[in-house]
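Q: Pasting the relevant annotations from Swiss-Prot:
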type	residues	note
BINDING	ARG88, ARG98, ARG122, ASP212	substrate binding site
SITE	TYR129	site 'Important for catalysis'
SITE	LYS179	site 'Important for catalysis'
BINDING	ASP212, ASP236, ASP240	Mg(2+) binding site
BINDING	GLY272, SER273, ALA274, PRO275, ASP276, ILE277, ALA278, GLY279, GLN280, GLY281, ILE282, ALA283, ASP284	NAD(+) binding site
Amino acid sequence: MKLAVIGGDGIGPEVTAEALKVLNAVRDDIETTDYDLGARRYLKNGELLTDEDLASLREHDAILLGAIGAPGSVPPGILERGLLLKMRFALDHHVNLRPSKLYDGVESPLRNPGKIDFVVVREGTEGAYTGNGGAIRVGTAHEIANETSVNTRYGAERVIRYAFELAQSRRKKLTLVHKTNVLVHGGGLWQRTVDEVAKEYPEVAVDYNHIDAATIYLITDPSRFDVIVTDNLFGDILTDEAGAVSGGIGLAASGNIDATGTNPSMFEPVHGSAPDIAGQGIADPTAAILSAAMLLRHLGDEDNAVRIETAIAADVAGRDNSQPISTTEVGDRIVKALQS
């Protein structure tokens with residue numbers, strides 16, 4: 001397995017090291033290439049992501065990312081647009097996959113959360129984040145600005161098919177989230193596509209929620225969901241809420257996936273670079289390790305993905321949450337569990 005590793009900034013390299021430790025405990029064929037991408041490189045020479053970087057990344061089977069960001073040193077938006085979004089579009093990461101699971105031993109902010117175990121499939125390369133917009137008369141009382149949400153049948157269908165395949169392998173329920181009563185053109189495209197693709201998956205139950213209703217149900221009845229499929233903007237909102245109800249983003253992993261396999265997909269923890277605790281050895285690497293499990297599953301290694309997830313579930317359930325986290329100790333415990 002040829003693995004591109006982007007440790008990134010802050011705690012990113014620390015948690016990524018533990019994810020690699022766990023990967024090497026279950027596989028002996030991993031060949032890694034480290035990439036200096038993120039705030040450190042940008043502050044040093046102004047580079048974000050070059051064509052040479054992209055060409056080199058494409059030579060790998062997958063990408064493991066730690067975290068990107070340097071609040072206070074790099075203005076907001078520069079790394080997001082110039083590195084993360086550029087990589088997403090260049091490598092056609094059209095599926096953003098975000099599992100949400102409440103583990104035993106983890107406290108949800110919800111009083112009676114029930115069983116939380118669902119996945120959000122978010123479209124990643126269209127919608128309101130394509131940069132299709134503009135502004136005139138900026139800074140005046142007559143300023144006009146617009147952002148156009150771009151939706152194509154091709155883009156929506158490939159994500160919807162991915163979601164149906166996922167639902168078929170899980171509890172066989174798919175929920176489309178949109179705002180079709182107001183966004184009649186883009187929403188209509190998504191609804192029609194779901195209705196048509198659903199005919200090929202008769203065993204999958206399909207329902208629909210408006211985005212406002214879905215945000216409520218994630219709080220009041222999260223166990224109703226199995227697989228949620230939605231567009232880029234609504235998915236951005238739902239995935240962060242999903243992380244919150246399942247105990248916080250410290251346990252949230254994600255995948256940015258080219259479902260065709262043409263380009264390497266990227267897997268990362270959802271949390272940020274947390275520069276305030278970087279270098280102290282107290283960052284929780286669990287989300288990074290879960291990202292590594294997602295990476296293995298994407299590459300067809302289901303057995304080892306399940307082994308890692310099982311070890312994590314047992315470790316999380318047995319933690320003394322009154323004691324501080326040790327980054328390396330968490331990785332060591334997971335490795336020990338895998339080797340026992």
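Each residue's number is its place along the chain shown, starting with 1.
In case you wondered, yes, glycine gets a Cβ from its N, Cα and C as well.
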Q: Closest to ASP284 (NAD(+) binding site): which of the recorded positions ARG122, TYR129, ASP212, going by Cα position?
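A: When the Cα distances are compared, ARG122 comes out closest.
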Q: Drop a 10 Å sphere on every Cβ of the binding-site residues ARG88, ARG98 and tell me which sphere holds the fewest other Cβ atoms.
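A: Candidates: the binding-site residues ARG88, ARG98. Fewest Cβ atoms within 10 Å: ARG88.
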Q: With a 10 Å radius around each C-beta, find which of these binding-site residues (ALA274, ALA278, ILE282) has the fewest other C-beta atoms nearby.
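A: Ranked by other Cβ atoms within 10 Å, the binding-site residues ALA274, ALA278, ILE282 bottom out at ILE282.
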Q: Enter the number of other CB atoms within 10 angstroms of the CB of ASP284 (NAD(+) binding site).
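A: The Cβ of ASP284 (NAD(+) binding site) has 24 Cβ neighbours within 10 Å.
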Q: Considering Cα atoms only, can you say which of ARG122, LYS179, ASP212, ASP236, ASP240 is the nearest neighbour of GLY272 (NAD(+) binding site) among these recorded positions?
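A: Nearest listed residue in space: ASP240.
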Q: Distance between ALA278 (NAD(+) binding site) and ASP212 (substrate binding site) at the Cα atoms, whole Å?
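A: Their Cα atoms are separated by 37 Å.
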Q: Quick one: of the recorded positions ARG98, TYR129, LYS179, ASP212, ASP240, which has its CA closest to the CA of ASP276 (NAD(+) binding site)?
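A: That would be ASP240, nearest by Cα distance.
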Q: Cβ within 8 Å of the Mg(2+) site centroid (ASP212, ASP236, ASP240 excluded): which residues?
A: ILE211, THR215, LEU233, PHE234, GLY235, ILE237, LEU238, THR239, GLU241
Q: If you count Cβ atoms within 10 Å of the Cβ of GLY272 (NAD(+) binding site), leaving out that atom itself, what do you get?
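A: GLY272 (NAD(+) binding site) is surrounded by 16 other Cβ atoms within 10 Å.
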Q: Using C-alpha atoms, which one of the binding-site residues ARG88, ARG122, ALA274 comes nearest to ASP236 (Mg(2+) binding site)?
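A: Comparing Cα positions, the candidate nearest ASP236 (Mg(2+) binding site) turns out to be ARG122.
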Q: Using DSSP reduced to three states, classify ASP276 (NAD(+) binding site) as helix, strand or coil.
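A: In the DSSP reduction, ASP276 (NAD(+) binding site) maps to coil.
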Q: Far apart in sequence but close in space: which same-chain residues, 6 or more away, have a Cβ under 8 Å from ASP212 (substrate binding site)?
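A: Spatial neighbours, sequence-distant, of ASP212 (substrate binding site): LYS179.
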Q: For ASP236 (Mg(2+) binding site), what is the secondary structure by DSSP, using just helix, strand and coil?
A: helix
Q: DSSP secondary structure for ASP212 (substrate binding site), reduced to helix/strand/coil, please.
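A: SS state of ASP212 (substrate binding site) = helix.
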Q: Give me the CA-CA distance between ARG98 (substrate binding site) and ALA274 (NAD(+) binding site), in Å, as a whole number.
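A: Given the Cα positions, ARG98 (substrate binding site) is 21 Å from ALA274 (NAD(+) binding site).
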